[in-house]
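Here is what TrEMBL says about this protein:
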DOMAIN    1-274  domain 'Major facilitator superfamily (MFS) profile'
TRANSMEM  20-40  transmembrane segment
TRANSMEM  93-116  transmembrane segment
TRANSMEM  128-147  transmembrane segment
TRANSMEM  159-176  transmembrane segment
TRANSMEM  182-203  transmembrane segment
TRANSMEM  215-236  transmembrane segment
TRANSMEM  248-269  transmembrane segment
Amino acid sequence: MAGAIVKGLDGAKGIPGWRWLFIVEGVLTVVCGFALYLLLPDYPRNARYFSPDQRRLAQIRILFDQQLSVGSKNRRMTSWQAFKAVVSDGKTWLFLVAYSIIILGMSISYFVPTILKTMGYTNVTAQWMTVPIWITGAVCQLALSWISDKLQDRRWHSVGLYGLAAVACLVSAFVQSAIAKYVMMCLLVAGLYTGLPLMLNWTSESIPFPDQKRSLAIAFVNSFGHLAIIYGSYLWPSTNAPQHLVGFATLTATCGLGCIIASLAPWYFKLLPKEPLTKAERDLIALQQQDQQLPDI
């Protein structure tokens, strides 16, 4: 779509196409920003799309979370304490590896138009041919995320998505048909894009307390996981066109590893120490247990 803007508006009003791209995308961003400011609520009680019962339930959940997180200022971890708790928790490193695999696979997103051109499509057609790929990813992400929430399952959904991506990469590495490879790329993007929010959600659910540790764990996994995009970009050199055997073979192996990691995660968690390794975390848990033993007034 960006390619269509650059080509179609090039020279209009004496403005080059690349400048029109910035103008169009900038205007859309500003308009959407103001619209979302007016539409998005800042608290459940202000959410117009909730019924009164739903608003009350949301506020009760917030109060419950605040009680679990031991929210008084003298019972909060410092940033350094939270960081030490995160890096000393084995769950963090498992989720970092699992998330990095997804980001590594997403490196293909920067090369999809190039890969499509090697399949025989022209520059403009190759740009338009990317649209169904991202639409497929968006639809699958919304649908499977909703199903995962309804079933309260992250493990097997993640296994299935890794498996889908691995199969798509394996077929893409050896198939000669342009149509078959295009379908496989749609499935690959669907598996990887849907895996992104599921993995971060699984991280949040597996490290729920203290809340400072949970927040930093999500940021840690998300930030360092995106480093995979750097070395992932070297998987798609033009010299490997049109099959891109190195890239697809690497993603097949890593996504297969993701299947194993996701399926064995519960057993791995059982092997980890039951007690937190940092003193600050142990102290917070002890305070929480004391509060739970106090009689309600």
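Keep in mind that glycine also has a Cβ here, set from the backbone N, Cα and C atoms.
In TrEMBL, annotation is done automatically, which means it is predicted and not curated.
Worth saying up front: this structure is predicted, and the values here are computed from it rather than measured.
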Positions whose Cβ lies under 8 angstroms from the transmembrane segment (248-269), at least six residues beyond its ends: 90-91, 94, 97-98, 101-102, 104-105, 108, 155-156, 158-159, 162-163, 165-166, 169-170, 172-173, 188, 191, 195, 206, 235
Chain residues outside the transmembrane segment (20-40) and at least six past its termini with a C-beta under 8 angstroms from it: 2, 5-6, 9-10, 12
